[in-house]
Amino acid sequence: MSDNTPNDTRDASGRFVKQAAETAHRLHTPSEDGVHPISKILFGWTEAEITGTAIFWGVGILSAFLIVVDLAVDRHEYVHMAEATGFYALWGFAAFAFVVLMGWPLGRLLRRSEDYYGDPGGPPADIDPDVPAAPDTSPTYPDEGDEL
Amino acid sequence: MTGLLSLLNPGWLLIAVGLVALFLPMRRIRQGLTIAAPIAAILLVSLADRNINLLTANALGLEMVLYRVDNLSYIFGLAFLLAALLNAIYAWHTDDRLQDGMSIAYAGAAVAATFSGDMMTLFVFWELTAVTSVFLILRAGTRAAYFASMRYLGVQILSGVLLLAGIGYVYQSRGDLSISAFTSLNEPGAMLVFIALGIKAAFPFLHNWLQDSYPKATVVGAVVLSAFTTKLAVYAFARMFPGQDALIWIGAVMTVFPVFFAVIENDLRKVLAYSLNNQVGFMICAIGVGTAGVGNALALNGAAAHAFCHIIYKGLLFMSMGAVLYRTGTTKASELGGLYKSMPWTTIFCIIGAMSISAFPLFSGFAAKSLTMSAVGKEGLTVVWLMLLFASAGVLEHSGIKIPYFAFFGHDSGKRVKEAPFNMLLAMGLAAFICIAVGVPAIVPGFGYEWLYNLLPYREEAMAYHPFTLDHVLTQMQLLVLAIFAFVMLKRLGWYPPEKPGVVLDSDWTYRKAGYGLATWTGTVWQKVGPALTAIFFKLTGRAYNRIEAAFSPRGELARGGLATGMATWTAILLGFVLLLSFITAG
C-alpha cells in the first residue's frame, strides 16, 4: 500500500502535534508489568547493579572532599568548638549512626504486636476503591452486632 | 466596598464556606468554593491595614478584637491559607461533603484565631479547630480511628478548658484581654495558658494525641491536620511567651526525642507525625530564645520562617504518603518498597519534600533553619545548639531518607499501582514549587529566599541575614553528606535495623494501657465488692435503726414513764448548774 497523499499538501504542524500527543500518551501509559515510563527515565539508573557501590564510593569521595575544603576555609562560628575542621562532618556522621544503631535496642524494648491496644485498625475509608480489600484483622466483639 | 471587605476576617469567610459546603450536594461547585475561598482570603488579608484593630465588638462588657493583622500574624495566616488552598486541590478526587466542609472550616478557625486580637476570641476559634478537625479522623471509618478521635477530642478540649481558666485569671489581674506577652510564668493565669498552648504544640509527654490520631485519619484528613493545630500553638507561643527560657529546653528536648521513635516506627504516616513533633521543637526553641520587641529578632524570624516552610513541606510529605496510602491501602514500611516504578511523580515530589525538611541548600528548610541555628549559637547556648544539630541529622534520617527510601525504593514489594490522581500530583507539584522557590538564592532581588524574608516579623533584620555564605553551605553539606554516608555504610554492613510491623510504645501507654487497665480493674473489683458493701451498709443501717427504735419509739425504753420523770429532774439540775456557773463567771 502506498500513501497517495502528495508530500507538499501534508499538514506538517498537525503531524508534529500528533507526534507530541503520542509521545505524551506513551510517557504516561504504564507498561503491562505496571512500570511507569517516566520511572525509567528518572530512576532507571538505580536498577543498575553497580549503583549501590557507586553511591557508596560517590558519597564517600564527596564526604572527603567536603572535609578537605574545610581545611582551606577559615570559618567563624558562634560556638567555638564548631570551628574545628570537619566538626559538622563528624557530628553528622556520629549523630546519624547513633540514632540508627539505637533502633536495635529500642525496637526490642518498645515494639509490641500490632493488636497490642486491641485494635490494629486498617486503611481509612477514602482509599482508592480499586485497591483490593485487605483481610479483616480487626477483632470481633461478641457483645456487638446482631442480637440473637 | 473594598473598605468593608478589608474589615472581614478571612478566617470567617472560610468558616462560612465550610458551613455552606456541608449542605451543598453539587460536588464540583462545592469543591470549587473550597478552592476559591482561600484565594479570596489571601486577597482580603493583603488588603488589610497592619497593626490596627480592624474590627472590634463589645460582648458582656468585654472588648473583643475580632480582626487585627500585624507582621507576625500575617505570615502564619498566609501559610495557613496556602495550605488550605493546596489541601482543597488535593481533595478534588473525593466526594465527601463532611470532609470538604470541615477541612475548610478547620483552616478558617485557625486563620480566624491567628488574626484575633484578644484572648477570648482566640479561645473561641481555638476550640473550633478542635471540634472541626476531629471529623477528619472520624471519617476514616475504622474502629481504631473512632477511639483515637475521641481521645483526640478529649485532649483538645482539655487544652481549651485550661486556656479559658487561664484567661479568667488574666482578666482578673489585668482587667483587659488583649493578647500581649506574659512577663513570667508566675503571672496569674500564665501557667494555665502555657500548658494549654503546650498541649496543642505537643510538648514532651503531652504529645501523644498527635501520633495517635494523625496516622489514623483519612488520606486527605492527615494532610489537612498536619498544617494547622500545632502551628497555631506555635503562633500563640510567639505572641504570648517570646523569650520564655523554659521554651528553649522544652523545644530542644522536642527536637531530639521523636528522632528515636521515628527510627523504629513502621507506619510512615506516624513517622511523619513524630517528625512534626521534632520540627515544632525547633520553632518552640527559637521562640524561647527570641524576646519580644527589640531583642533577638533573629530567633523569632527563625520561628516564623520555619513555620511557613514547615507547613508547606510537611504538607507535601503527608500528601505523598497519602497518595501511597490511596493507591496501595497501606503506609507500613514493611509492606512497601519499589513504588518508584509505578509512582515516579509522587516519588520526585516526596524527595523534594524530604530534601526541604532536611534543609539541603537550595530548598526551603535551609533558608528557615539557618536563622534559628544562628540565633541559638549567637546566644551562647552551646548544649542546646548541639542538640538541635543532632536533631538535624535525625530529621535527615527519618524524613529525609527513611520516608522516600522505604516507600519508593528499598526492597521491592512487587506492588504495581497507578500513579496518584492528577489533582494530588498538582497539589504536590505546587507545594514542591514553593519548597524550591523560597529556598533558592535571591538571584533576582525580592525572589528566592528574600521573598520569604520580606514577610518575616522583623523584616529589616531578616534582610540583613544571608544564608548562602560559604561557611553555611559548606557546614550544612558536611552535616548532611556525612550523615548520608553513615546511612550508606550502615546499610552496606547490614547494621540498619529492618522495618518490622508492630506498635511502638510511647507515653500514651500510660492512659491507653495502664490508665485503661486501672479503670477496668476498678470496674471489675467494684462489680464484686459493690454488692457486698451494699449488703454491709444495709445491715449496719438496719441494726442502727433497730437500736434507735428500741430506745426512742413510743414503745421504746426512753418512752417509759419512770425514766421520763428522772430525765426531767436531771435536766432541771443541769440547767440550774449552768445558770449558777454563768452567774459566778459574770460576777
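Quick reminder: no glycine exception, Cβ is built from N, Cα and C everywhere.
Copied over from TrEMBL:
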| type | residues | note |
| --- | --- | --- |
| DOMAIN | B:116-392 | domain 'NADH:quinone oxidoreductase/Mrp antiporter transmembrane' |
| TRANSMEM | B:6-26 | transmembrane segment |
| TRANSMEM | B:72-92 | transmembrane segment |
| TRANSMEM | B:101-117 | transmembrane segment |
| TRANSMEM | B:152-171 | transmembrane segment |
| TRANSMEM | B:191-210 | transmembrane segment |
| TRANSMEM | B:217-240 | transmembrane segment |
| TRANSMEM | B:246-264 | transmembrane segment |
| TRANSMEM | B:305-326 | transmembrane segment |
| TRANSMEM | B:347-368 | transmembrane segment |
| TRANSMEM | B:380-401 | transmembrane segment |
| TRANSMEM | B:422-444 | transmembrane segment |
| TRANSMEM | B:464-490 | transmembrane segment |
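Sequence-distant residue pairs (6 or more apart) of the transmembrane segment (B:246-264) and the transmembrane segment (B:422-444) include fewer than 3 whose Cβ atoms are under 8 Å, leaving the two stretches without contact. If you look at the transmembrane segment (B:464-490) against the transmembrane segment (B:191-210), you find fewer than three C-beta pairs under 8 angstroms, all six or more positions apart, and that falls short of contact. When each of B:72-92, B:191-210, B:305-326, B:347-368 is scored by its Cβ pairs under 8 Å to the transmembrane segment (B:101-117), the top-ranked stretch turns out to be B:72-92. Contact between the transmembrane segment (B:305-326) and the transmembrane segment (B:422-444) is present: at least three CB pairs lie under 8 Å, with pairs separated by 6 or more positions in sequence.
Highest Cβ contact count with the transmembrane segment (B:422-444) among the listed stretches B:72-92, B:217-240, B:347-368, B:380-401 falls to B:347-368 (criterion: pairs under 8 Å). Within the chain, the transmembrane segment (B:347-368) has long-range Cβ neighbours (under 8 A, six or more residues past its boundaries) at 275, 279, 302, 305-306, 308-310, 312-314, 316-317, 319-321, 339-340, 392, 395-396, 399-401, 403-404, 407-408, 425, 428-429, 431-432, 434-436, 438-441, 449, 452-453, 467-468, 472-473, 476-477, 480.
Listed by sequence, the residues of this chain that lie at least six past the ends of the transmembrane segment (B:217-240) yet keep a Cβ under 8 A from its Cβ atoms are 72-73, 76, 79-80, 83-84, 87, 90-91, 94, 99, 103, 106-107, 109-110, 113-114, 122, 126, 129-130, 133, 136-137, 139-140, 145, 156, 179-182, 193, 197-198, 200-202, 210, 247, 269, 272, 276, 280, 283-284, 287, 290, 300, 303-304, 307, 310-311, 314-315, 318-319, 321-322, 325-326.
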